[in-house]
Number of protein chains: 2
Amino acid sequence: MLTTPSSLDQRFGLSRRVVLPGPLRLDGGALLAPVEIAYETYGSLAPGGGNAMLVCHALTGDQHVASAHPRTGKPGWWQRMVGPGKPIDTDRFFVICANVLGSCMGSSGPASIDPVTGRPYGMSFPVITIRDMVRAQALLLDHLGVGQLAAVVGGSMGGMQALSWAATFPERVAACLMIASTARHSAQNIAFHEVGRQAVMADPNWRGGDYYDGDPPAAGLAVARMAAHITYLSEAGLTEKFGRRLQAREQKSFGFDADFQVESYLRHQGLAFTDRFDANSYLYITRALDYFDLAEEHGGLLANAFRGTATRFCLVSFDTDWLYPTSESRAVVHALMAGGAAASFVELSSPYGHDAFLLESPELDRVVSGFLGTGR
Amino acid sequence: MLTTPSSLDQRFGLSRRVVLPGPLRLDGGALLAPVEIAYETYGSLAPGGGNAMLVCHALTGDQHVASAHPRTGKPGWWQRMVGPGKPIDTDRFFVICANVLGSCMGSSGPASIDPVTGRPYGMSFPVITIRDMVRAQALLLDHLGVGQLAAVVGGSMGGMQALSWAATFPERVAACLMIASTARHSAQNIAFHEVGRQAVMADPNWRGGDYYDGDPPAAGLAVARMAAHITYLSEAGLTEKFGRRLQAREQKSFGFDADFQVESYLRHQGLAFTDRFDANSYLYITRALDYFDLAEEHGGLLANAFRGTATRFCLVSFDTDWLYPTSESRAVVHALMAGGAAASFVELSSPYGHDAFLLESPELDRVVSGFLGTGR
């Protein structure tokens, strides 16, 4: 089935949703059916279908990569990268972005209705992996009539999906662009996520995940988000942005209000997040991230994941990213080389830590354009 | 008043407690009275009083520096450093260690009884600063008949107190040894503490700090401790200690139990902490740390804090400490130099991050012995 978006869709990137019968066999052994996938597309699929590109989103991202978020009204999360004439050029590519399995923006996740009970899954939703997300995206591509992807692109968790795509469906991926990511979650990565999960589960409103008919565990989720948010920023970036500057009142309160700007900023980040994200989805997706270890899926040797592949790879890291530092990208490059893959790698300089991949960066634009052949 | 400890005291480091009438004027403007201070001493005060040494403890530390903790039964937190023949040699020095103001091991803090109401202070306890802790310790020294300290020594928050001692009472400090510490809390330091405070305050059992007749906010405090604990360890140390190793069952559960050893370890750290520490004290002491900025207390220029001082300084940092990195120690050394102080500085190599100052380290022992003149 070939989908040709209307001009309206091309302009606004209207969100679509497909219910695929499944069942999808998950890494944990469970069968998921049906498999709902919410997605957006930008640009037109060429008649031969050779111009399709998949953009994968990060932990708390969504399918609105280049169009306004329906709930917050904010621009798409990578609007500066994806669009007509941009590095991911929608004049040339048919760009697909799907909400990942386990999330809460329309794809199957813990807030979805379990057809067996007629009630939200909650914690009875099966635990998923990055590869499960990729398999669900493959179902979507089948539905859209897309055989091979010209490229799969992603930053952070999106980069893990991109890598997992190349390892799981090598014949469907011509090019793979992984930005600010890793082939496996480290002990420190797991530790931070565990703090977040414990914060959610410690909130009495969480009620074992069965909160959909009451108040959600917003306080716990806000704390989880605050802790995670620190890891997205560099120490230098925090110092540049906030330092020890006080709030407007310019005096320490000698109390427990947010005296420092950085406190107020973090509290805001935590609270705003609870308006747009489901706490159970946060548990499931962090679990998928922590389980991610591409080498483990291939007999303990990462090179095995890519042996003999025809996919071209490009990896980008940022020098101040301490969540997924450059050393993680290097390990992937070494494995690609050992597997005989064509791989290029660049470490970019930025003061902004992990978040740099989402921010204005002419250097990143040039790397992406160059790799995708969209340079002018 | 001169105190000569009995031989029993010298051996077991029995805890003492003194109630000083006060009032103590605090940086926030409040008057605290009475001022209770729990402390331990080791060794004997020489007739001239010239061999007294103050050891200052870290955020969740206590006065039991070289003797068993009365609640947990564990050895003193710096037993490998303090004792007869050790770098801080109790055969030669009269070592004093006092529980800091705001803490919960016998010194005045939010769990103490407010003489006005007859009930625990809770959040009506005044917000305190590192300098307030130091001023309370000075009252204790007066009580003990100690004029000048041969040295004040501390790691982490203890190092901040040592530095604050040298800046606040220069004539009372012959030597100052600051380990793995800083002269001010960075935006990232504040951010992590704010996550912890929000976790405590989000726990419904916290009840605005008025929980002493009910269940304490243990779940929130455990999350706070987990988040903080990550900052005490290096990424490399976590990887070495846990990596991605699974718990004994050796299989992922595809659930939300602690699959990874690092998860189980962190959960244990969080829970164990709630048995020995008061949540409100955690709020007050983290606040004191975040407020700490020694330059700010001296017209914005750190060198002013030490101009013309006769105190000798020694600073030690650890190369993998990302909580108080070497750059922070360097900034203090530069200020000491600019102020004309005698200062030596060494960065030690350790895989263990901030916690290294508490662990076995022959290099640290040599530096401490050398600086204190206790080397053999």
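Keep in mind that glycine also has a Cβ here, set from the backbone N, Cα and C atoms.
According to TrEMBL, the domain 'AB hydrolase-1' annotation covers B:52-359. What TrEMBL records for B:SER156 is active site, nucleophile. According to TrEMBL, the substrate binding site annotation covers B:ARG225, B:ASP355. As annotated by TrEMBL, active site applies to B:ASP321, B:HIS354.
Its Cβ taken as reference, B:ARG225 (substrate binding site) is surrounded by 23 other Cβ atoms within 10 Å in the chains shown.
One residue stands out among the recorded positions B:ASP321, B:ASP355 for having the most other Cβ atoms within 10 Å of its Cβ: B:ASP321. B:ASP321 (active site) has B:HIS354 as its nearest neighbour among the recorded positions B:ARG225, B:HIS354, B:ASP355, going by CA to CA distance.
Taking Cβ-Cβ distances under 8 Å and a sequence gap of 6 or more within the same chain, the neighbours of B:HIS354 (active site) are B:SER156, B:ALA180, B:THR231, B:TYR232, B:LEU233, B:SER234, B:PHE318, B:ASP321, B:TRP322, B:LEU323, B:TYR324.
DSSP classifies B:ASP355 (substrate binding site) as helix under the three-state reduction.
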